[in-house]
Amino acid sequence: MSILVVTGTGTGIGKTVVTAALACHARLAGLDVAVCKPIQTGTRDGDDDLAVVARLAGVEDLHSLAKFPEPLAPLAAAHRAGADLPSRAALDDLIAAVDRPGRLTLVEGAGGLLVEIGRGGVTLRDLAEDLRAPVLTVVAPGLGTLNHTVLTLEALAHRDVRSEGLVIGSWPAQPGVAEIDNRDALARLGPVRAALPAGAGTLSGTDFERLSVQAFDEAWVRGLVG
């Protein structure tokens, strides 16, 4: 399987735009690519992450298992909708069914790595462990990011889940001392695969394609496909 799980050090960190950029790069490189977002919340306000991926990346093979209207953590959003979260088996089966030989399957989580997304406390880390998939972590550039990043990487290492590196989800146009120093420090924690500029999600299709091609190393992206 060629599954890459995309998580973040928090909510609103840029996971969806990073997922879209990586999917766009893979598509333009001629790779077969699919995107899964097993759990989505906040859809009542038109916040559909897979629709964002489709618009930005031009990828049509998109999959989700459960959508809840309120912009809350998955468990709270499910309960307020009178529903349960999916089972661990259902989440695993969704992703396994999408993946196939020669395909890059991107799986975007909801919130951070250890947020409950399945019944019984199942997290994105559990799914990565089940599927033997590496994890790409989207991080912030500002103050606090080093602690959050280390906690996420340690949580992965605790379960022997391989880290595929880091992506800075929103790099400011005028970075300050903290951001510049943090970028160097993040690179010591793991390979920084890309740093997407702030506002990347507002770009037009052509501009987003150009950004996606430039943002990631093509050899690394191709190497994700086993």
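Note that Cβ sites are derived from N, Cα and C of the backbone, with glycine treated the same way.
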Practice problem: Check Swiss-Prot: it lists ASP49, GLU108 as binding Mg(2+). Then name which of THR9, THR11, THR16, THR145 it lists for that same site. | Solution: THR16
Exercise. Name the secondary structure element type, per DSSP in three states, that contains GLY111 (ATP binding site).
Key: coil
Quiz item: Where GLY14 (ATP binding site) and GLU108 (Mg(2+) binding site) are concerned, what is their Cα separation in Å, rounded?
Solution: 11
Quiz item: If you count other Cβ atoms within 10 Å of each one's Cβ, which of the binding-site residues ASP49, GLU108 has the most?
Solution: GLU108
Self-check item: Nearest-integer angstrom distance between the alpha carbons (Cα) of GLY109 (ATP binding site) and LYS37 (active site)
Solution: 6
Practice problem: In whole Å, note down how far the CA of LYS37 (active site) lies from the CA of ASP49 (ATP binding site). | Solution: 8
Practice problem: Enumerate the residues of the same chain, THR16, ASP49, GLU108 excluded, that satisfy the criterion Cβ within 8 A of the mean position of the Cβ atoms of the recorded Mg(2+) site; list them in sequence order. | Solution: VAL6, LYS15, THR19, ALA20, VAL35, LYS37, GLN40, LEU50, VAL52, VAL53
